[in-house]
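If you check TrEMBL, you get these features:
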| type | residues | note |
| --- | --- | --- |
| DOMAIN | 11-32 | domain 'Zinc-ribbon' |
| DOMAIN | 121-227 | domain 'Lreu-0056-like' |
| REGION | 93-118 | region 'Disordered' |
| TRANSMEM | 54-73 | transmembrane segment |
Amino acid sequence: MEIGDKKIMKYCRKCGTKLAEGDAFCTHCGAVVNPSKSQSTGKINVGRRSVKKLWWITGLLVIVVILALILFVRGNKGSSKISQNTSSTEISSSITSKTSTSSDKTSQTSSSSSSTTTAVDDKTVGVLVALLYSPDWFKEWVNQGEMTYGVASSDFGDLEGYSYITAGGTASSYMYYKLDGDTVTYKYYPSAVESITKTVSLAQLEKDYYVTQSQKDEVNGYVNKLKTE
């Protein structure tokens, strides 16, 4: 500071250290010697710090947004894969279920066919028909060993190809039958000039006479007693 040609020296009021012109702070103790300049400098420093903090906050926000986007994209990819896997599993389950259902239906059909088309020979069919037609007549003669099984030849005219069971004698002692698939057609003659034709399913005959083991043993016993022409 100058007064006229003389310079006035400034000293720190706190520690007495000589100050240079323009100093706002004591270089020795740090005390404020020029409040206006210190306030200005402080404002500048505070402003710089605020700008730095703002940049830091902005940078952190940018980083957070980028990380969020990365996690979102990965999450979508993961969800897509899970959805695809779930869809594949559902499709496989559906195919397996349909295949299983188809197999069950096939099994049921096979079981049903098996139950209605038991493998019985022609003699056994004849015995089953005879038990329906006239059980007393049949049992009486078969137990006496007088019941015969045969197949009608051309000598029988329209009955050619039919099988028959007979106790011998007149036409009324013959019972003719023919199996076609599950249908059994049988004929008998109440008199020499009168014939009656009826049909019955093999499944029904088996249901009535060939289910339990005791029934099968009885029928098979009759089959063994039949004579053959």
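Quick reminder: no glycine exception, Cβ is built from N, Cα and C everywhere.
Note that TrEMBL annotation is computational and uncurated.
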Could you tell me how many residues in the domain 'Zinc-ribbon' (11-32) are helical, how many are strand and how many are coil under DSSP?
0 helix, 5 strand, 17 coil
Roughly where does the domain 'Lreu-0056-like' (121-227) sit in mean pLDDT, to the nearest integer?
95
